[in-house]
Amino acid sequence: MTQEILGEVQTGKIPLKGRTLKELSEIMVSLGEKSFRAKQIYHGLYVNRYESWEQFTTFSKTLKEKLEGLCSLTQLTVVKHLKSVDGTQKFTFASEQGKEFEAVWIPSGDGGRKTICISSQVGCTLNCKFCATAKLEFQGNLKAHEIVDQVLQVEKIVGDNATNVVFMGMGEPFHNYFNVIRAASILHDPDALNLGAKRITISTSGVVNGIRRFIENKEPYNFAISLNHPDPNGRLQIMDIEEKFALSELLQAAKDFTRELKRRITFEYVMIPGVSMGPENANKLVKIARSLDCKINVIPLNTEFFGWRRPTKQEVAEFITLLEPAGVPILNRRSPGKDIFGACGMLASKS
C-alpha cells in the first residue's frame, strides 16, 4: 500500500473516490479482501454512480458493514446552486474541511455540447490581474476525489451527462499535477466515466515544468495555455507567472509539445482594451501562432470590476481580423453565465 493510503488508514476512513483501479485493489487486499472487489467498487462508483454501501447489493451485509467502518464514499456538499438566464449553472461545493470552490455547467445554445468547467485548487497560487479567483486566499490543492466528484455531482443535479470537461475553474492545474492527472485518467477510463481524451482539456497559465512533465508522460488530453499577452513585458503586467517562467521558455515548451506529441495546442487570450489588444499586439500574436500548430480562443474580458472595460463587439471583430493572417483557427469564445459570476475569470464564490 502507498504511503499516502497508509497515512489515511492512520488518520481515519480511506476515501475510495479518486482512486485508480490498481490502488483500489491494493486497498482491498490490505483489508483482507479479494482484489476483484476493487473492480466492483470502481464500477459501482463511476458507472452505477452509487453513493452508499447499501447500494452495493451484491456485497454481503458483513462486507458492507466492514467497508462502512473503514472506507469512505465521501461526496461534496453543494452549498450554493445558481442558474443563469442563458442555461449556465454554477455550483459552489464544500469539502469535508469546509473549503469552498466552484464548478460550472455550460450547455451550448443548441444543446449539442455540454461542458463542465471544474476547479483544481481552492483559490489560486497565482495573481493574474484579470481573474477574480486570484483575489481569494489560497487554501490548498483539491484531492483527486474532490475533482472527480465535481463532475459526478453536477451531472446528478442537472440530470444529464457532460460531453466535455475542462480544467479551467479555480486554481492552476499544473500546481496540483498529480491529482489533476489522476482525476483526468478516471474521467477518461472506459471502465469509469468514459470521456474521450479529446473531450478533456487541461489548461495552464504557463507552468513550464508541468508542460514538460505532460509531454514526457505523453498525456492524451487536450492542452491549452492561458497566454493573454504576446509580449513578455506586457504579460508580466497582468500575469505574475511571467516572473518564474519567461514567455520565451513557455513558447519553446509549446513548440516541443506540438512537435513531440503531434497535437495542436490552444492559446487562450483574454482581450483587454488598451492592454492586450491593438495592431501591435495582434502582429506579435500572429507571429507566435505561425511558429507552431495552434488555434486561438479569444475571450472578451468579463471582470470589468478590476478597472478595465470589456471590449465592444466592433473592437473584438477588428482584433480578430488582425489575427487572420496567422492562418490558424480563431474562436471568439462565448462567456455564458456572467449574471451568476460563472463566466471565464469570474469564479470567486460570489453570487
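The backbone N, Cα and C atoms fix where each Cβ goes, and this holds for glycine too.
Binding of S-adenosyl-L-methionine is attributed by Swiss-Prot to GLY171, GLU172, SER226, LEU227, ASN228, ASN302, and the same site annotation extends, among SER95, SER108, SER203, SER248, to SER203. Inclusion criterion for the recorded positions GLU102, CYS128, GLU172, ASN228, ASN302: a C-alpha placed within 10 angstroms of the C-alpha of CYS117 (disulfide bond); this criterion is met by GLU102. Other residues of the chain with a Cβ within 8 Å of the Cβ centroid of CYS124, CYS128, CYS131, the [4Fe-4S] cluster site, are LEU126, ASN127, PHE130, ALA132, THR133, ALA134, GLU172, SER205, GLY345. Note on proximity: among CYS124, CYS131, SER226, LEU227, the binding-site residues of the record, the Cα nearest CYS344 (disulfide bond) is that of CYS131. Each of the recorded positions CYS117, CYS124, CYS128, CYS131, CYS344 was scored by the other Cβ atoms within 10 Å of its Cβ; the lowest score goes to CYS128. Mapped onto three states, the DSSP output places CYS117 (disulfide bond) in strand.
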